Ligand SMILES: Nc1c(NC[C@H](O)[C@H](O)[C@H](O)CO)[nH]c(=O)[nH]c1=O
Ligand SMILES: CC(=O)[C@@H](O)COP(=O)(O)O
């Protein structure tokens with residue numbers, strides 16, 4: 001079901017684990033900062049709403065979404081990080097560059113998650129237009145940052 005038919009920030013929060021002592025890395029790409037900052041704020045707010053402590057959310061910025069994988073690995077290898085949430089926005093341009101970034105990051109974050117046996121959440125928007133991005137960063141389709149945070153919390157139940 002496409003985002004056009006549902007608010008991405010409406011999800012079940014039943015049976016969530018206690019995250020009061022869990023530590024989260026929040027890795028944020030600076031490209032399309034208006035969007036990624038809205039996503040990051042949504043993710044942080046949601047973690048706090050569901051019981052995370054402010055001191056247990058470790059924020060790190062990277063230049064672009066392609067760099068999320070390297071930073072995610074640096075965070076995932078830390079013994080005091082329980083989950084990594086990666087935030088980015090890769091807007092389609094005139095060339096295929098966005099495709100290469102998106103595929104590299106999706107596969108890269110999956111590899112990091114499996115290598116370090118920790119949830120590494122793909123909170124990267126891959127819109128065709130800036131408006132599509134804004135719609136998913138606190139607009140008509142909710143906030144994908146909220147969704148990424150809840151996903152991290154749910155995965156800590158495994
Ligand atoms: N065009 C976008 C980029 N491009 C930059 C790359 O992510 C990367 O930093 C560069 O290729 C150097 O390695 N990044 C985004 O996050 N969003 C874009 O729309
Ligand atoms: C997705 C990007 O990296 C973006 O800057 C590429 O834009 P373009 O394909 O028009 O060069």
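If you go along the chain as it appears here, the first residue is 1 and each next one adds 1.
Cβ from N, Cα, C; glycine included.
Going by TrEMBL, these are the annotated features:
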ACT_SITE  97  active site, proton donor
BINDING   31, 65, 66, 67, 89, 90, 91, 122  5-amino-6-(D-ribitylamino)uracil binding site
BINDING   94, 95, 136  (2S)-2-hydroxy-3-oxobutyl phosphate binding site
Self-check item: Number of Cβ atoms other than its own within 10 Å, given for residue 97 (active site, proton donor)
Solution: 12
Exercise. List only the single closest residue to residue 67 (5-amino-6-(D-ribitylamino)uracil binding site), chosen from the recorded positions 94, 95, 97, 136 by CA-CA distance.
Key: 97
Exercise. Could you check which of the binding-site residues 31, 65, 91, 122 have their CB within less than 6 A of ligand 1?
Key: 31, 65, 91
Quiz item: Say you check the Cα of residue 136 ((2S)-2-hydroxy-3-oxobutyl phosphate binding site) against those of the recorded positions 89, 90, 91, 97, 122; which is nearest?
Solution: 89
Quiz item: Which has the fewest other CB atoms in a 10 Å radius around its CB: 89, 90, 91, the listed binding-site residues?
Solution: 91
Exercise. Identify which of the following binding-site residues, namely 67, 89, 122, 136, place a Cβ less than 6 Å away from any atom of ligand 2, and list them by sequence position.
Key: none
Quiz item: Closest to residue 66 (5-amino-6-(D-ribitylamino)uracil binding site): which of the recorded positions 94, 95, 97, going by Cα position?
Solution: 97
